[in-house]
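For 2-76, the entry in TrEMBL reads domain 'Cation-transporting P-type ATPase N-terminal'. Here TrEMBL flags 52-77, 83-102, 251-270, 276-302, 669-691, 697-715, 749-773, 779-796, 816-833, 839-863 as transmembrane segment.
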Ligand code: ATP
């Protein structure tokens, strides 16, 4: 019989487990050994051959392959027997494909490592303790602890549950959460959606708490049975990558058109057709930016790795780009802007009796704290005599105050066991538990004072309102505690039945100090044109006090409460959104309105979130940031980025890194395209002047792959430039060529063209340079080739910074200098070693020619230096 038709004892027996104590570590290990891990069989990896074929289907590579075929044809047709060119083009295509596959493999590995850092965990009871384990290590018989926001990692039979509602649309397609009931046992077989006593892998707990016995893991789960259909697409390309691929294609097309043009001119000039063919090939080869796509991927992957080191894990690659454009950060307060070290500071019970808990404790204050501690779900552990309290920070503060005053939560619970509850949620901002109280039953309600206010019928409520305000102004979070004594166990455990007619017991004021780094990060964001908005469940006075301290707001007018927000229409909100900096007492639903209003004003919004109800706002925002520590699985899976330290400052760092990645890609484009475009010009002009083709296809491929490729790969590791956070955000749809990039590329392409043609001219027509080496076409080609290669290698030092090369510390990117030297060495070597000279159609040139080559190669970088001369600020690159 299926597990959902058995009662709980039968399920316990079947899986040899116990709901209270769980399995032992030995039993778990044994089951892991016998049944394997709780994961799906991996889909087969894309084979190397397939990857190779895919890289060949790239448009730019196809151009090269066609060029190789034409080259082969001309070799056969002219009978000159020179198959080397065709061979080399193919070799370089292959090397390029290998490089691309290796580099992309590295980038993929880096991204996969991030996925590992972000593994799903699950809370289970083992050896009588509640612990977090890697979800892959779950076994059948494990006791899952269910709590709101958790993503379920295996199929399980619910053993205990209170108000459990589960969203299982991934399996059933039904988006409405289903109410679960541990006591429900269907008489007949039931479809998945009707198994109300079961929970399934891949669904999420929207509300409530409970325990469940795992009945199936891995491929045996219902999700496992359909796993083959669910392979995620991990190969997301960012919008910029897509645009750049488009650009690569366009440039290749321009090159083809230029090739056809050259062919036509040559034909008119009466040049032999086959030779024209060869020139056309070299032109097509010249313009293809072979390494651009790989360099962009590398830059992105490097940025993502750097972010991970600084506690920001990117889940969706496009977020890296969006981060650079973010101009509003909507942040939670508790734990993100503050330290998440909530501590009780004040307790009020009646009249003027405010107790400063740092100075001493009274019996009355202790009573309020103890009752509030009973109405809490945190877990108390004593690790090496150090008190560790896990769970909701507000409750942790209360329970800590109790435990530090020589009482324990365990002892209180033993005396007054809990018999019913209505769990906390941020929407209601309160919770209730029912306890045995001698022969009677006490229901305890604790929550935000202003929300509970109408429910108090007894107690000093007016005075409490004054105290609440006073506490708030001191940036204290206020929790009100009330109770109701029942003669009998209440039959209806609902908010309507229990959360009314309460007696006010007291107020607890607690503080969560701001993180020391928050203030600086907010200032840094402001300088970078980014507005910080605080969104909090806390009271408007408390929130305002902290916001002022942090520099988020200046006047009270910038803060509104959720209630005021709800009264506003969307139009009214749009009119005020730019002036509001603090939203207090908001519900997660309000967050969506705030995001959308900002977006309507054209802003790019980053938004933090941790709870289940935050998921829609995280999705709606441009960069959803989930909390790594306090965040629920649901929030994490809806987010673009995860903050492993829950820290606001991490978002600002990630923005800086996002900008730096964008800057890096612009540098790569400047570096590569200047050279590619100059190659088209050089060939075209030389042909029009009737000088013949200045380069062979092989020479051009060498320049593109070695002289440009090697330093280009290192360019991705360039640190961000100083002042990257002194500029406004990058406008969302700004062209990557904006802000003068086209002009820079054009100018450099022009300079390369002039120096390479000058070198060609000198090599071809100026006899007085050397006594030993007479001008010739081959000497001219060699000189032009060397000048083009050297000047484009040197160009990497120019593009790496907008400041003078003398002001940039070479050691900030050692691999760049190493790669540049390597490229220079290889280029010089092939021009000197006789065997390679022949392969690359080069000849020996005189010492004087070498001097001229070197001088000409330095001309572009000198001119660039003159242009940069006045601009550069005297600062080191910003370490981000
Ligand atoms: P922020 O929104 O700034 O990150 P938060 O996430 O702690 O703060 P919520 O959890 O939504 O905010 O809490 C909102 C309000 O509910 C708090 O100001 C507090 O008054 C009350 N509250 C928080 N936790 C509890 C709890 N465990 N029991 C009762 N009331 C609580």
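Each residue, glycine too, has its Cβ placed from N, Cα and C.
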*Cβ-based contact of the transmembrane segment (749-773) with the transmembrane segment (669-691), 3 or more pairs under 8 Å*: yes
_Intrachain residues whose Cβ lies under 8 Å of the transmembrane segment (669-691), provided they are six or more past its termini_ = 244, 251, 254-255, 258, 261-262, 265-266, 269, 279, 282-283, 286-289, 291-292, 295, 700, 703-704, 707-708, 711-712, 715, 736-737, 741, 744-746, 748-753, 756-757, 760, 764, 780, 784, 788, 792, 795-796, 799
*Report, as numbers and ranges, every residue of the chain located at least six residues beyond the transmembrane segment (779-796) whose Cβ falls under 8 Å of a Cβ in that stretch; write 'none' if there are none.*
671, 674-675, 678-679, 682, 691, 694-696, 699, 702-703, 706-708, 711-712, 714-715, 748, 751-752, 755-765, 773, 816, 820, 823-824, 827-828, 831, 840-843, 845, 849, 852-854, 856-861
*Mind checking which residues reach the transmembrane segment (251-270)? Cβ under 8 Å, same chain, six or more beyond either end.*
59-60, 63, 276-277, 279-281, 283-284, 286-289, 673, 676, 680, 683-684, 687-688, 690
*So what pLDDT does the domain 'Cation-transporting P-type ATPase N-terminal' (2-76) average out to?*
83
